[in-house]
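A.B. asks: Sending over a structure as structure tokens; questions will come in a sec.
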Ligand SMILES: NC(=O)C1=CN([C@@H]2O[C@H](COP(=O)(O)OP(=O)(O)OC[C@H]3O[C@@H](n4cnc5c(N)ncnc54)[C@H](OP(=O)(O)O)[C@@H]3O)[C@@H](O)[C@H]2O)C=CC1
Ligand SMILES: O=C(O)C1=N[C@H](C(=O)O)C[C@H](O)C1
């Protein structure tokens with residue numbers, strides 16, 4: 001089978017550069033396009049060189065329509081507005097769209113869902129095996145413990161991260177809510193500050209820390225009357241996410257249009 005031809009969106013970013021390197025190390029995948037924001041000073045630069053590799057001849061461009069004419073998939077770790085613009089083009093081309101971008105709003109999610117009759121989308125707030133297993137465990141524990149256990153989710157990320165809570169924290173919150181059979185939006189406590197009053201029973205709380213170069217730490221704390229259970233994941237290197245994204249793209253190649261999750265890719269779906 002021919003190599004899967006991939007575009008990296010946000011090729012000048014932290015994840016974009018990592019993806020370029022991981023693609024170069026992965027049999028069965030080849031980089032054919034590198035997308036950057038219109039007006040970026042990186043346009044015209046070589047994606048390999050930006051990733052710390054020898055030049056690979058793929059230069060950064062802002063024209064996804066042209067570069068996707070001969071591509072099978074796009075790995076998208078950018079910003080919500082860019083991802084939403086990319087969704088329409090990926091759907092028009094009928095190619096795989098792996099979406100790692102976080103901070104998407106409910107209306108962004110609705111746009112993505114609206115094209116999944118034509119697009120093959122794999123979307124997850126976290127592409128690692130460990131976090132996806134953690135989500136399954138969180139759901140199971142939330143099912144087993146009653147409301148006398150308060151659920152709090154704590155995340156720590158590098159100082160350049162622009163969205164909070166992290167996509168992973170929200171994904172873990174959804175898993176806890178599913179375990180409790182509640183709707184997260186109706187039972188979510190975010191951004192406590194000042195005279196907040198006592199904790200509302202049944203809420204799922206979120207707290208975000210930012211600093212240094214942390215690739216991503218997440219803990220789900222089940223705080224009960226006289227004991228606490230904490231389930232945690234620590235990412236040591238963002239290559240972990242890039243490897244997961246590439247695995248998702250290779251898995252999705254040739255699948256029917258639809259919306260898939262990392263749990264589907266990893267065989268963890270119920
Ligand atoms: N799901 C997962 O497993 C993971 C998800 N993420 C998520 O991925 C996203 C990116 O993270 P990270 O790489 O750290 O962030 P960066 O800011 O380092 O990279 C984002 C890149 O996207 C570029 N960009 C902005 N607008 C466009 C556009 N219109 N077209 C193409 N490129 C554009 C930015 O360019 P410029 O700087 O010029 O604006 C930048 O180079 C975040 O949402 C993060 O939360 C990160 C790791 C793992
Ligand atoms: O921005 C990051 O770096 C990360 N973002 C994702 C998130 O928002 O959860 C995944 C990972 O934690 C790293």
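Here the Cβ of each residue, glycine as well, is placed from N, Cα and C on the backbone.
Owing to the predicted nature of the structure, the values given are computational and were not obtained by experimental measurement.
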A.B. asks: Since TrEMBL lists 10, 11, 12, 13, 14, 15, 100, 101, 102, 124, 125, 126, 127 for NAD(+), which candidate among 25, 36, 92 does it give for that site as well?
C.D. replies: 36
A.B. asks: Find the shortest Cα-Cα separation between residue 168 ((S)-2,3,4,5-tetrahydrodipicolinate binding site) and the binding-site residues 12, 14, 36, 101, 124, and name the residue that gives it.
C.D. replies: 124
A.B. asks: Starting from the Cβ centroid of 158, 167, 168, which together make up the recorded (S)-2,3,4,5-tetrahydrodipicolinate site, report each further residue of the same chain whose Cβ lies within 8 Å of that point, ordered by sequence.
C.D. replies: 102, 125, 126, 155, 157, 161, 163, 166, 169, 216, 218
A.B. asks: Could you tell me how many residues in the domain 'Dihydrodipicolinate reductase C-terminal' (130-266) are helical, how many are strand and how many are coil under DSSP?
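C.D. replies: When I sort the residues of the domain 'Dihydrodipicolinate reductase C-terminal' (130-266) into the three classes, I find 51 helix, 35 strand, 51 coil.
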A.B. asks: Count up the helix, strand and coil residues in the domain 'Dihydrodipicolinate reductase N-terminal' (4-127) according to DSSP, in that order.
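C.D. replies: Residue counts for the domain 'Dihydrodipicolinate reductase N-terminal' (4-127) by secondary structure: 45 helix, 29 strand, 50 coil.
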A.B. asks: Using a 10 Å radius around its CB, how many other CB atoms surround residue 12 (NAD(+) binding site)?
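C.D. replies: Taking every protein chain into account, the count is 21.
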A.B. asks: Please find, for 10, 11, 12, 13, 14, 15, 36, 100, 101, 102, 124, 125, 126, 127 as listed binding NAD(+), the greatest distance between any two Cα atoms, in Å.
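C.D. replies: This binding site's residues have a maximal Cα-Cα distance of 22 Å.
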